[in-house]
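Undergrad: One structure coming up, written as structure tokens, with questions to follow.
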Amino acid sequence: MRCSISLVLGLLALEVALARNLQEHVFNSVQSMCSDDSFSEDTECINCQTNEECAQNDMCCPSSCGRSCKTPVNIEVQKAGRCPWNPIQMIAAGPCPKDNPCSIDSDCSGTMKCCKNGCIMSCMDPEPKSPTVISFQ
């Protein structure tokens, strides 16, 4: 019995620590990375050690001549949470507009996600993930 209580308390403490850690971080919906062609021979060798040494939005990336400033590649990162489920929003209330306000999460500000809303995509506040319930018997 003591072992079960200790296990439950340990899991609860871990869940609280992880939840706190997630709240402290702000995730960007677009992540910049060095491109795969960083090692190509035709790269200009402007040596650097950190991103701060590079002009504008360039990054200090590995290259054929050590490390040099390169234009990064932006990769879409999906924002936390999920789009809210509302069956009424899945049905268009009238004629559909031609343009969507968004097409990917990074088109939306803050923590909002790009979700289906009738016949268009629009920025909406996400639903938090449902907590996982663990039962011990």
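The backbone N, Cα and C atoms fix where each Cβ goes, glycine too.
From Swiss-Prot, for reference:
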- Cys34-Cys61: disulfide bond (DISULFID)
- Cys45-Cys65: disulfide bond (DISULFID)
- Cys48-Cys60: disulfide bond (DISULFID)
- Cys54-Cys69: disulfide bond (DISULFID)
- Cys83-Cys115: disulfide bond (DISULFID)
- Cys96-Cys119: disulfide bond (DISULFID)
- Cys102-Cys114: disulfide bond (DISULFID)
- Cys108-Cys123: disulfide bond (DISULFID)
- 27-73: domain 'WAP 1' (DOMAIN)
- 76-127: domain 'WAP 2' (DOMAIN)
- 1-19: signal peptide (SIGNAL)
Undergrad: Measure the Cβ-based neighbour count of Cys48 (disulfide bond), defined as the other Cβ atoms within 10 Å of its Cβ.
TA: 19
Undergrad: Of the disulfide-bonded residues Cys45, Cys48, Cys96, Cys102, which one has its Cα closest to the Cα of Cys123 (disulfide bond)?
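TA: Given the candidates Cys45, Cys48, Cys96, Cys102, the nearest one is Cys102.
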Undergrad: Compute the C-alpha separation of Cys114 (disulfide bond) from Cys83 (disulfide bond), stating it in Å without decimals.
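TA: Rounded to the nearest whole number, the Cα-Cα distance is 8 Å.
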Undergrad: What does the DSSP secondary structure composition of the domain 'WAP 2' (76-127) look like, as residue counts for helix, strand and coil?
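TA: Across the domain 'WAP 2' (76-127), the residues distribute as 7 helix, 13 strand, 32 coil.
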Undergrad: For Cys34 (disulfide bond) and Cys115 (disulfide bond), what Cα-Cα distance in Å is obtained after rounding to a whole number?
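TA: Cys34 (disulfide bond) and Cys115 (disulfide bond) have their Cα atoms 29 Å apart.
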Undergrad: Are there disulfide-bonded residues among Cys48, Cys69, Cys108 that sit within 10 Å of Cys61 (disulfide bond), Cα to Cα? If so, list them; otherwise say none.
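TA: Close disulfide-bonded residues: Cys48, Cys69.
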Undergrad: Take the Cβ of Cys102 (disulfide bond) and count every other Cβ within 10 Å, whichever protein chain it belongs to.
TA: 19
